[in-house]
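First the structure, in the form of structure tokens, and then the observations on it.
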Amino acid sequence: MKFRRGLLGIILVVFLILFSAKTTISYYVDSLWFSSLGYSEVFWRTLEFKWAAFAIPFLLTFVVLYGWFSVLRHGTREELRNAGTIVLGNRTFELPVDPALRIGALLISAFIALLTGASFMTEWIRFALYRFAPSINNGAVDPIFGKSLAFYFFTLPVLQFVFGWLLMIAIVGCAIACLFIVLTSGSQFFTTRSYGTSPSPVRSLSASFAFLLVVVAMRTWLGRFDRILDDHTIFSGVTYTDAHLILSGLLVICAALLIGAAIAGTNLFMRPRVSRLIAAPVPAVICFVLVQLCAWYMNGFIVKPNELVREQPYISNNIESTRRAFNLDQVTPHEFPAEVTVESADAANNQPTLQNIRLWDWHALQDTLRQIQEIRTYYDFPDIDIDRYEINGEERQVMLAARELNVDKLPESSRNWINEKLIYTHGYGITMNPVNGFTPEGLPNMILSNMPIQSTVPSLQVKRPEIYFGQLTNSDVYVMTRQKEFDYPQGASNSMTSYQGSGGIELGSFLRRILIAFDRDDLTKLPFSDDINEKSRLLMRRNVFERVKTLAPFLTFDTDPYIVVGDDGRLSWILDAFTTSDNYPYSTHYGLGNDQVNYTRNSVKIVIDAYNGTTSFYVFDPNDPIISAYRSIFPQLFKDASTMPPDLRNHVRYPELLLRLQAAAYGLYHMTDPGVFYNREDLWTVASEVGMTSSGDQATQPMDPNFVLMKLPGESSTEFVEILPFTPSNRNNLIGWIAGRSDDSHYGTSVVYDFPKTRLVDGPLQVEARIDQNAQLSGQLTLWNQQGSHVRRGTLLVIPCGKALIYAEPIYLQAERSPMPELRLVVLALQDRLAYGSTFEAALRSLFGGEASSLTAESNPAPQPSKSAPAANPSATSNDLDTLIKGAAKDLEDYQRLTAQGKLGEAGQKLEQLKTKLDALSARQK
């Protein structure tokens, strides 16, 4: 027996040592990682809060529970001794009840304390926010309780957690008291005899039960504030019934619970009786039932017959609070005429908008780039980003894709430690193309492409193309080793390189290498590799999401990081981050990512250097009280937006995730009149489109936000904005659109344009139907689908232009055996006009110039020679032919150059001149 106990003790000690060693080494490596980024203070401050949040509840829980066990053991020692005596025949056996209880009390108390500490540890940020909560002086208080936002953001979450802990303590205390009753009293618990002056099991249970009723009373009092956060069918927050009955009824229930606690507590000073324990909760139960019955009556017979009149002030509270919580009160509404004529589009004054219509559907571009720019199977383009750059002196909208290395796609024969950790360490470069730039074959007209990177714009160069940190960089790598790294394929051989940056953790001494290998599960390779030296570095947490979530787990992140080329030729990722809360009083909850929130601010922009991994957090909304608290907790982590490099700041944009959320909320909360709101008379939804699902099938789905370079109505300059159109609920016609602004002093603001309610404006599904019903288009698409090819329709874009809306849809042709779509048709539409052509320029001329739409490139008939014309001199004819041929070649060269530069207007003129010369040549040959 002693041997077994000793062996068990040794195993337990070894386990604790190994667990502690693993945890300690993990903290050590984490400290090195935070230090490599310049955030040592963030690591130690986080560790301080986490362990304080663990240790204090752990100690309190253990002391309270073990102390309660000890008090009960001491008070029932004689009864426990008797309970442990068993007589079998003539022999008496003494069971070790008391020692077993002592060991059990220690283990149970420690186990529950550990769970409690771990639970508090995961919520450390609540207590940190409470500790550093700023005062909010914007005058906003809830209209029911008069509490400030600071109470709901910082105090209420802590009170809810602490009261939950107290409830757990009270329930466990009652369970312990019941355990002692079973051990010492058995059926005597139901008798009425006295237990003398020593603490009896009934008295112990009475004390526990009284404490439980007090805690429930506290939770009931705190639960009143949950009423202001509840979502209902029509609106959110406190209702008429809540305000006039429930809130007061909850206070009555609190009082009844306290009376019940007093009834249970009389057993501590009087002769203990079980009947008092049974009677203790009765007043609260009676009050609860009465409150529910009264609430049912009030809601059914007072509120429902006159619901709008009764609920009107509470609906107003919900409207006002929700608009403030999502910054909808800052949205500026305007009227948009949505005229239907060609002249209303004012093409002459909106050339920047027309020259930047996005004809490349990002799904189609991604598939095309994977065919023509991945070069090797282990490269991938995980995403397509849309941004704006200055191209040859003009701001142009472009699409970028980072060429990342996916080690999972390496050939199976190459999947080994040296290749995955030392050689194949990074992706290489990006591609960039205009949103509407195409080659004559229908492929993207590249600005940046290939390996090494080639640029058609001298001012736009990528000087540090290696991507060590990205969206597919999910594994650790070692750099600055004796092994050269693969850079990019070059003919029959490969170009090799060595890391020259400052990112990562220096491996240093052999001991540090051992510790790092233990933490990174690399003990069999890293310590013994001849390629590793003291200067070698470990690059870990290279995925941009993992990186930022480790540094700032309390923020909510956008799902779409986008890559940017700086003026210095370096590549950086920009990622939007949000502060959120689900405790904004009277605000309705909406989905943001995976969370349901009723308050959000896009307070932070994060920049991650793709080469060094340097990660910077810039605060763009210093008035947000939540980010103010985080800055107080981690002053080293956050920087002012003014310190962001200007070349990167030029590429910040309105977050897609935020615009989707605001659009969903604005569709309901643009109705500020309670009566209109109640009846849902003007409910909007995000417009639907025919989009492509993940399986490649087409299906109706809500539109995605679309980035556009355009002049907003009434503005004099072109802006990079993100737009999303609305339709009336259950209708397909458009009713308005929202735009998030990204440039200069307008950054972060949004505007809404309402269409006249007296005019029906076609929505995307209606324009799709017009395309399908066009006989020539429908016949051609059917024909293409029957010739071993597959027609792929791009996203239909809705673009405000002048006083009208232009609809644009690219149509691609894709071979059945090739996933590379090529542009074959562009469809443009106004409200009363549909035009199409084999190129954007042809469709544009048909829409604005009155030319007939055609499905072929040669849409103009050749001019016939005049019958009365005199015969031409042969020599002159030969000279004319040479001139026409040279002129046509020059026009073609100019057209290709201007298209590559994005000067579509001039390119269209050259194309017209080219067609005129070709027509003349054709006529000469007849």
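Every residue number used here counts from 1 along the chain in the order it is shown.
The backbone N, Cα and C atoms fix where each Cβ goes, glycine too.
Unlike curated entries, TrEMBL annotations are predicted automatically.
As recorded in TrEMBL:
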COMPBIAS  859-879  compositional bias 'Low complexity'
REGION    854-882  region 'Disordered'
TRANSMEM  7-29  transmembrane segment
TRANSMEM  49-72  transmembrane segment
TRANSMEM  100-121  transmembrane segment
TRANSMEM  162-183  transmembrane segment
TRANSMEM  204-223  transmembrane segment
TRANSMEM  243-265  transmembrane segment
TRANSMEM  277-298  transmembrane segment
Cβ under 8 Å, sequence separation of at least 6 from the ends of the transmembrane segment (243-265): give me the contacting residues as numbers and ranges.
144, 206-207, 209-211, 213-214, 216-217, 220-221, 223-224, 227, 276-277, 279-284, 286-288, 290-291, 294-295, 298, 314
Please work out which recorded stretch in 49-72, 100-121, 204-223 has the most C-beta pairs separated by under 8 angstroms from the transmembrane segment (277-298)?
204-223
If we skip the immediate neighbours and take only residues 6+ beyond the ends of the transmembrane segment (162-183), which ones have a Cβ under 8 Å from one of its Cβ atoms?
57, 61, 64-65, 68-69, 72, 76, 79-80, 83, 97, 101, 112, 116, 120, 189, 201-202, 204-205, 207-209, 211-212, 215-216, 218-219, 222
Positions whose Cβ lies under 8 angstroms from the transmembrane segment (100-121), at least six residues beyond its ends:
50-51, 53-59, 61-62, 65-66, 69-70, 73, 80, 127, 161, 165, 168, 172, 183
